[in-house]
Amino acid sequence: MSDKTPSKKIVSEKPAKVSGEKLQKVLARAGVGSRREMELWISNGRVTVDTKPAVLGDRVSETQQIRVDGHLVQITTKADQVCRVIAYHKPEGEICSRTDPEGRPTVFNRLPTIKGSRWIAIGRLDINTSGLLLFTTDGELANRLMHPRFEVEREYAVRVFGEVNDAMIQRLRLGVELEDGKANFKKIKALPGEGLNRWFHVVLTEGRNREVRRMWESQGTVVNRLIRVRYGDLLLPKHLPAGGYAEYPLEDVNYLRKLVSMPEELQTLVKPEDRNERRRRMASMKRAVRKHQIASKTEGKRGEKPAAEKSPATKPGSKPDTKPGSKPGSKPGSKPGQRPTKPTNGKAPAGRKPVRKPTGKKPSREGRG
């Protein structure tokens, strides 16, 4: 007889599949932020699941407790959430962060508060850029619209100082090397005008930091005005004052969702309004914007230190803020013979007609009942 005992066959066991959705996706849907933001927060240890630090790859169910910075997050299912999108006319001087250590005004200061959710910015605009900025309550929608693989168009009106020739425009179309890789404009259109200050309309399909400015700077020119006028087919509404917002109807929300391969939204909180209701609402919004501007200027003056010395007295008969040798009747600081190129009322020069625009209805503060 053999002394050998029969060996047992070792069967490798596959790890059980964890049920639930990815943590960053659940947080994004709850309106905490975009998926990319949530991934960063998880990596930085700001998120816990059932009192334990979360890690990337965690899946969660509706019964688990999720906290961000110690605050409990209300988990929502797809059926509970109403996808909402608003257009905001960002003025220059505001930043796109929720808070700022330096106390600068942020775009979130003017947005309407909503119950059980938060507004998530679809992309960003730097402090010196104005124009169309979209916000949504759906973090997954925000993430997809920002992702380069969906190639969603962003159009800007840009005023460039410096000599621009055909060879330069061709290089910008084909692509120029930046610090973070090659970049190119999908379209460039020169607007009528001459001189060293000229307006162009440019189109990108991604949103890197200061990309438009850096591309023009690579050609030896300087961008001295930048306005986003379009995102996808949604244009900056002409009726919307700087600092104002308006909510898109269901049709436009579903246009955005279809653009990035997401299922249709079935409900909306936007109510139809007649012409008189719209006029009253727009008048109210303009008053609110003006009140906010006055309050901001007042706060700024309080923080200023009093001047130690008075400015030198001007010569008798001279106008203030005029340069020596300037022609009578010329605007302060303007060059003789220079054409005014600045758009009136902060609006971009005439370009393509709006394809889609919000109804202008003020967003409701209520969530789904």
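Yeah, the Cβs are placed from backbone N, Cα and C, and that goes for glycine too.
Those TrEMBL annotations? Automatic predictions, nothing curated.
Annotation comment: TrEMBL describes 21-83 as domain 'RNA-binding S4'. DSSP states for the domain 'RNA-binding S4' (21-83), grouped as helix (H, G, I), strand (E, B) and coil, give 16 helix, 14 strand, 33 coil.
Look at TrEMBL and you will find 270-369 tagged as region 'Disordered'.
Under the heading compositional bias 'Basic residues', TrEMBL lists 278-294 (among others).
According to TrEMBL, the feature compositional bias 'Basic and acidic residues' maps to 298-308.
Marked as compositional bias 'Low complexity' by TrEMBL: 325-337.
According to TrEMBL, the compositional bias 'Basic residues' annotation covers 353-362 (among others).
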Mean predicted confidence [pLDDT] for the domain 'RNA-binding S4' (21-83): 86
